[in-house]
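**Student:** According to Swiss-Prot, the protein carries these features:
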SIGNAL    1-31  signal peptide
ACT_SITE  SER93  active site, acyl-ester intermediate
BINDING   PHE151, ALA152, GLN153, THR154, TYR190, SER191, ASN192, ARG316, THR330, GLY331, THR332, SER357, ASN358  substrate binding site
REGION    387-406  region 'Disordered'
COMPBIAS  393-406  compositional bias 'Basic and acidic residues'
Amino acid sequence: MVSGTVGRGTALGAVLLALLAVPAQAGTAAAADLPAPDDTGLQAVLHTALSQGAPGAMVRVDDNGTIHQLSEGVADRATGRAITTTDRFRVGSVTKSFSAVVLLQLVDEGKLDLDASVNTYLPGLLPDDRITVRQVMSHRSGLYDYTNDMFAQTVPGFESVRNKVFSYQDLITLSLKHGVTNAPGAAYSYSNTNFVVAGMLIEKLTGHSVATEYQNRIFTPLNLTDTFYVHPDTVIPGTHANGYLTPDEAGGALVDSTEQTVSWAQSAGAVISSTQDLDTFFSALMSGQLMSAAQLAQMQQWTTVNSTQGYGLGLRRRDLSCGISVYGHTGTVQGYYTYAFASKDGKRSVTALANTSNNVNVLNTMARTLESAFCGKPTTAKLRSATSSATTVERHEDIAPGIARD
């Protein structure tokens, strides 16, 4: 173990690095074609994120049973408690991958057709019968993202909804006030509205809450003991990292945004988890443990986002500088940035978290954890490529994607 301290104001920061050897399963030796994770590079990313305004940051890499864990800074600015990789946090839009898994399991069970109209299952919900389940799950429905209105002003918008409880229909109504942004299937346009519809589909087809379906289909089978869906409760259970929202105004004081209902997101963004549980989840997903091979292939039918990113069905693909593609999701919710991705075979996974948001510099810096985790120590050429590709990271796409903040 390597440890040290980093000062940040009056709060104590901590750096942790641990390598834990865990017996690998038979026939699942670490993928030989992946370079070893670059722990020095990971630590540098966390240090940079703190210098850019994050109170704390952490990353956990599961390399086929060998665990790399690093953390720096604080979980709680008031007490100075150091952040650790066991702290729970709000995962934001990583929730979309959980919702997508449930829907694809329902396809496997013959209860859902990806190419059927959403209105087949939820009559009259959407203004166009041509909008399909597949288009909703791939952000090609044209449904306007209501969070653009909610969070046009970051802190006032958050304070106006932090204790509110919305119904799914409330959120759909907010979206439909604007009409659609494009014809069904015509374009990729990220919208939280799509995964509100996903939650409605889950509840209609199963007769259960999304909380029950997440628990029975994912949390319990994978033994995700740090993962919860507590909406509309405002408290994160157990030991957790506090979240700190950066105001739009330069130099404004960070706002403790830890406690909120997240009712504005629900099945689009209200899950709570940990680095270990998200690593476990995406490893299980990519190794085929959560659905049939046919549905996993459907999940990976990509729509182009930009030159280095694609979006499937509740799943992101990122193409890294070393030629490796990784699969998972990003998450932004007030006070938390999350990156959670795995290799194609699920044998290596990484989850990175900074406990701030509305800070584009931290957002783009934390994306570099993927390069260090999957591409290893950079050559000069890789370093130039990684630096260039960092500028293409989506900026605040997971929340209020239509609002420019930088």
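The backbone N, Cα and C atoms fix where each Cβ goes, glycine too.
On a predicted model such as this, the values are computed, not experimentally measured, just so you know.
What's the neighbourhood like for these features in this structure?
**Tutor:** Listed in sequence order, ASN192, PHE195, ALA265, ALA268, GLY269, HIS329, THR330, GLY331, THR332, VAL333, ASP398, ILE399 are the same-chain residues at least 6 apart in sequence whose CB falls under 8 Å from the CB of SER93 (active site, acyl-ester intermediate).
Of all the Cβ atoms in the protein chains shown, 29 others lie within 10 Å of the Cβ of ASN358 (substrate binding site).
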**Student:** Around the C-beta of THR332 (substrate binding site), how many further C-beta atoms are within 10 angstroms, looking at every protein chain?
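**Tutor:** A 10 Å sphere around the Cβ of THR332 (substrate binding site) contains 25 other Cβ atoms.
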**Student:** Any idea what DSSP makes of THR330 (substrate binding site), helix, strand or coil?
**Tutor:** strand
**Student:** Which has the fewest other CB atoms in a 10 Å radius around its CB: PHE151, TYR190, the listed binding-site residues?
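**Tutor:** Sparsest of the binding-site residues PHE151, TYR190 by Cβ contacts within 10 Å: TYR190.
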**Student:** In the structure shown, which of the binding-site residues GLN153, ASN192, THR330 has the fewest other Cβ atoms within 10 Å?
**Tutor:** GLN153
